[in-house]
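Here's the structure we're looking at; comments come further down.
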Amino acid sequence: MGHLPRGTLGGRRLLPLLGLFVLLKIVTTFHVAVQDDNNIVVSLEASDIVSPASVYVVRVAGESKNYFFEFEEFNSTLPPPVVFKATYHGLYYIITLVVVNGNVVTKPSRSITVLTKPLPVTSVSIYDYKPSPETGVLFEIHYPEKYNVFSRVNISYWEGRDFRTMLYKDFFKGKTVFNHWLPGLCYSNITFQLVSEATFNKSTLVEYSGVSHEPKQHRTAPYPPRNISVRFVNLNKNNWEEPSGSFPEDSFIKPPQDSIGRDRRFHFPEETPETPPSNVSSGSPPSNVSSAWPDPNSTDYESTSQPFWWDSASAAPENEEDFVSALPADYDTETTLDRTEKPTADPFSAFPVQMTLSWLPPKPPTAFDGFNILIEREENFTDYLTVDEEAHEFVAELKEPGKYKLSVTTFSSSGACETRKSQSAKSLSFYISPTGEWIEELTEKPQHVSVHVLSSTTALMSWTSSQENYNSTIVSVVSLTCQKQKESQRLEKQYCTQVNSSKPVIENLVPGAQYQVVMYLRKGPLIGPPSDPVTFAIVPTGIKDLMLYPLGPTAVVLSWTRPILGVFRKYVVEMFYFNPTTMTSEWTTYYEIAATVSLTASVRIASLLPAWYYNFRVTMVTWGDPELSCCDSSTISFITAPVAPEITSVEYFNSLLYISWTYGDATTDLSHSRMLHWMVVAEGRKKIKKSVTRNVMTAILSLPPGDIYNLSVTACTERGSNTSLPRLVKLEPAPPKSLFAVNKTQTSVTLLWVEEGVADFFEVFCQQLGSGHNGKLQEPVAVSSHVVTISSLLPATAYNCSVTSFSHDTPSVPTFIAVSTMVTEVNPNVVVISVLAILSTLLIGLLLVTLVILRKKHLQMARECGAGTFVNFASLEREGKLPYSWRRSVFALLTLLPSCLWTDYLLAFYINPWSKNGLKKRKLTNPVQLDDFDSYIKDMAKDSDYKFSLQFEELKLIGLDIPHFAADLPLNRCKNRYTNILPYDFSRVRLVSMNEEEGADYINANYIPGYNSPQEYIATQGPLPETRNDFWKMVLQQKSHIIVMLTQCNEKRRVKCDHYWPFTEEPIAYGDITVEMVSEEEEEDWASRHFRINYADEAQDVMHFNYTAWPDHGVPPANAAESILQFVFTVRQQAAKSKGPMIIHCSAGVGRTGTFIALDRLLQHIRDHEFVDILGLVSEMRSYRMSMVQTEEQYIFIHQCVQLMWLRKKQQFCISDVIYENVSKS
């Protein structure tokens, strides 16, 4: 006997078994048996032997693999059997015998199928089937699961005297339910066997496991009795005799001798009353009493619950003493009982009361052996009686008043099982008054109970009921939130324990608390069942006095107070902001704070983004389920302060200070922050401020040299700022400029110079020329003015004089001048006249020779003078005006300088070389027919635009004598961007202001006449940070709906205009005016924005057109003429739809502004006329605001645009159809 796996039999002639079933010869038989220990025994019979030389092999199949066994070699006797230890119990195996004779394998003689026996059930549990314990049971069996196979379970038991058995397969996890047993019957000797089944060759094998568990027994519950009813009869006490019976003499119930008095029967309200038997007399029962005796064949049955009035805990589940079982002291029997008799002198004269209890047998086919009767009175006395199965009535006498409870149950006791009672039928509860009257049980609970919250402290209950035999209600209220709070932190006291009231209004509630209310109906001392509990909550009132205290750029402290009356679980602190990571704005919870008894609370919120807009909200969340919170209106908004910038570099050259700084780190987001701009401040003897847009972190300041400046950069938001650490910069003093020697005499000379920057004093030193070391040295003279007279000089002597500026004890580089004193004998007047004559002759000759050669250079110098080269020599006067002789000498010198300089010098000294009374207001004109315009342009452009230059020089003389006193007021000087671009008084725009101070109505702006109106335009400078509020005030007061901006805020590292509008769509207040950017559209060369400005209850829409491709002091490129004309036409189309003057500005409000106005007027003029007068147009504009069309280049550009307008008009006959159509930008 041995176990031979496949693939190991080649040496023993078993290799052919694996695949060589070639030759079929002999058919044999063999024997297979299965033992109890799960061994399969295979033995050979004598008839199986073919030849002793043959090999006999057994194949076992059934498990996951096949097993092969070879019989031992034998001669005369049969070999011992082959034994296979089966792994599985309850599994079928196929046994095959194979004979190998040489290399020939016979066909298997036959295959025998055997089935092993499954392992038995080890334990059994039997339970009631809770939905139906009368007919149903739950079986739970336990058995070995590993290697145990079965298909069904055989259940055997004795049903009374009958034996039952059945095969059952609906077991799930070892459990199944029987729901067809008989009620009240004893089932015994219950056993379970596992059954294995197999089908092979149309034959079925079945094996049963043994029974190893203890046999079980179980009795089903009997059904309860039906149609229980009770009758009451008041007995005449004088006629009553002591009957014989089993009741004690002092019992509170006694069996009656006869029935005298009124007969009353009480039924379950849900059951149908039965017809009384003929031998029972009935009185006149009330409406809920039936005279019918129950039908013995009735099968009506209803399972009911225990009464609610008897156990006071049902009315007061948390406090059993809340409801008193005894009759209340103020109980009035005349008003509370349905039927009442006047009490006699003896309150117990109506006793004893005879009670007759009747019932019907339980629903068939219930097996039962009798009935149990339970009589209770006020939990003090209990009688438990048993009657046999034939009894259907029980009579007793009640000797005392009180609350009674009756119940009748069925019991079953026959058989070997334990005695079992039925579930209790609905108990009968009633009250017997001292007068013998009875009150039936209240069985209905209040329906549709609801609570309506009237206020934060009161609520009103409502309900419905079909019963009308109750006279009051009980409202039981308990707080569900009180017990959730720690006693030390408890915020409510009133309803922490159950409180009962007879009023429907619930008072003294606390906001934020959650309550549960139960209602009972009450009649006399009887209390009905409780209603379904109703839960309601009072919304919290929310916090108040929410305050915010900033702690720097990234942290704030929120503090608030809670209402005195209120209960809640926690505070929830939320914040709303734009998240630059997710690019979304949403409310997020930052922190939760547990509720405390403290009236105040605070929280520190950190890790905020600097210069960011936040909304904070604090809500109170209740304990209830679901949670309630209040209130979303408890919010506060705040813009965090920016972080302090850090100045990284400061460089000074060419009289300009270059400052650079950094802000935050690489992750700092400026594009979505509330950063408005930077304020760069240089504070020395003069404080200089400059506003820089937030996207630029460099600034250029023109600082007077010679001073020590405290530099700082301030990051500004709408509500706060943060300043960098200061940086001290000391600028070396500059040498005096324009040093002149005037009013020379034989022994003295007067030196005159211009101060450059800041100087504490000047040191003047004169040394005689050619004296060598023996010359007399003059002592240095320290002066604080710009004029000094050096005396004690030698006549007719040459001196080298120097003037050095001193500032903060630091000297500048000296400025030198060579002077000579007058000769004693010579008349000074003759010398002066001679010198002037020689100088005049030389000057005239020089001008004639170099006029053509230096023309371009002269014009370039004029342009380089710019707006910032004006020097007011009037400041040189310290004590009155300069002497006339000085002024003449200065004039003679200044005529050598370019006209842009000396005209300002002359005006500064009030010197007019052309006229004693000055130039009057002039009107120039030069009309040109458009048909001749091309040839006119060619003629004007000859010799490097020489004739254009002559015309433009004449334009410079316009308006020199027009006053601008308002602009020169000290209060208004800071409102001017450039000191030499000032508005004329007669045409300036005056602001309406409640402030009557001088200069309150001033803004650097002038009315300019147009093609349609004498005040069609307002030309103004680009707003300064100090004047942006006045700018918006002008827009609102002038009812302007169009603003044209012809500059960028920063050009060539210089600030040209303040960013006077909001960066984002968030409204910003400029003084009393709020500006909101509704929309913004970007084109290739310009941007258009829609603003809405609000003041009080007034709103005004404004369109803002910003042309960004126009260089300062210049003109757009030649190929951009189409673009600028398209822009002008776009603005004109919008202007046609609105009223009020158009506001036009660039930086100074004269160059690009004048060019735009000229093009807009000419565009309208050419549409209706065949000539133009550009010279007259510019002359007229300059008579309303100085320097309109500021450069000659701009003046020529206007002519080029007119040439293009006329060309398009000639080509298309309608200029607007072609040149101004909206073309897409590539």
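Here the Cβ of each residue, glycine as well, is placed from N, Cα and C on the backbone.
Small disclaimer: the values here were computed from a predicted structure and weren't measured.
Within the set Asn710, Asn1106, Asn1222, Swiss-Prot records N-linked glycosylation site at Asn710. The phosphoserine entry in Swiss-Prot, when matched to the candidates Ser123, Ser649, Ser738, Ser875, corresponds to Ser875.
Swiss-Prot records N-linked glycosylation site for one of Asn279, Asn722, namely Asn279. Asn500 is the residue among Asn288, Asn380, Asn500 that Swiss-Prot labels N-linked glycosylation site. Residue with Swiss-Prot feature N-linked glycosylation site, selected from Asn189, Asn743: Asn743. Look at the domain 'Fibronectin type-III 6' (735-827): DSSP puts its residues at 3 helix, 46 strand, 44 coil. A simple way to gauge crowding: the CB of Cys1146 (active site, phosphocysteine intermediate) has 28 other CB atoms within 10 angstroms, across all the protein chains here. DSSP classifies Cys1146 (active site, phosphocysteine intermediate) as coil under the three-state reduction.
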